[in-house]
Amino acid sequence: MLWIWAVLPLVLAGSQLRVHTQGTNSISESLKLRRRVRETDKNCSEGLYQGGPFCCQPCQPGKKKVEDCKMNGGTPTCAPCTEGKEYMDKNHYADKCRRCTLCDEEHGLEVETNCTLTQNTKCKCKPDFYCDSPGCEHCVRCASCEHGTLEPCTATSNTNCRKQSPRNRLWLLTILVLLIPLVFIYRKYRKRKCWKRRQDDPESRTSSRETIPMNASNLSLSKYIPRIAEDMTIQEAKKFARENNIKEGKIDEIMHDSIQDTAEQKVQLLLCWYQSHGKSDAYQDLIKGLKKAECRRTLDKFQDMVQKDLGKSTPDTGNENEGQCLE
């Protein structure tokens, strides 16, 4: 009976040793497998890419990858890019093609070479426009010279105009010096005459503020949106949308829906803001939004349009006399 108790510890120790050995072997096999995977990643020859467990050939220009290859050195399943909308100009293994560049006619650009499956669109400045920076997205209208041209405008440089002679400048300065006091005297005379007329005619005392409503909070902006968009670049329209809390996903959706029509993209970006904002206080908030997006030129034109329309829409019998007093 005593020999059983003596042998039992030896049996248990042997069992634990076998379990430990099996666990060590399992870890060793896992490390070997990982090492083989890493070696497979590094074993792809130059020009091949790792597609699952295999080294695959890239897709050719004008195509995109649909599925990886099924054997080492094999060719993946590739599909052509969308003609006229997408391109790929080199060997690759991406599952998407690049989008073709659009030439914005509203900003002086026109197509030089159409987009193909293997080449992006090439844009150039329209006649009488130029751009002096690389990767140009906005061409500028060539200057017109009042005193003659030294060098004509080209696609990459503005017109070089002949400068005005010092003698002409002296004449101009003299005229300005004489005109300034005359204008001052004339304006003072008109104000005095206007004040007297208003005193004599009670009906004409109506303030000009009544002819142009002070509160434009409920002014409908629907008819102004296309005219505002026409004056903005697509970058300014996108910046306006971002600065006024339009989500990036919605901006991308609008850009994709009208991918070939820059003018429509700009209109839809502004309409998206207007629809989400509502009519109430839209006039004041649009002005704030344009300032925030640094669209000063567009803001000035918009205010001029509204001022002009409001002036026409409010007839008044005293307008003629009052208009002369606005100076």
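Each Cβ is built from the backbone N, Cα and C atoms, and glycine gets one as well.
Swiss-Prot gives the label N-linked glycosylation site to one of Asn114, Asn218, namely Asn114. Candidates considered were Cys59, Cys69, Cys81, Cys97; the recorded disulfide partner of Cys78 in Swiss-Prot is Cys59. Within the set Ser144, Ser217, Ser276, Swiss-Prot records phosphoserine at Ser217. Reviewing Cys142, Cys145, Cys161, the cysteine that Swiss-Prot connects to Cys153 via a disulfide bond turns out to be Cys142. According to Swiss-Prot, of the candidate residues Thr24, Thr206, the site noted as phosphothreonine is Thr206. For Cys145, the disulfide partner named by Swiss-Prot from the candidate list Cys123, Cys125, Cys131, Cys161 is Cys161. The DSSP breakdown of the topological domain 'Extracellular' (22-169), given as helix, strand and coil counts, is 28 helix, 41 strand, 79 coil.
Comparing Cα positions, Cys142 (disulfide bond) lies closest to Cys103 out of the disulfide-bonded residues Cys56, Cys103, Cys115. For the topological domain 'Extracellular' (22-169), the model gives a mean pLDDT of 84. Within the group of disulfide-bonded residues (Cys55, Cys59, Cys142, Cys153), the Cβ with the highest number of other Cβ atoms inside 10 Å belongs to Cys59.
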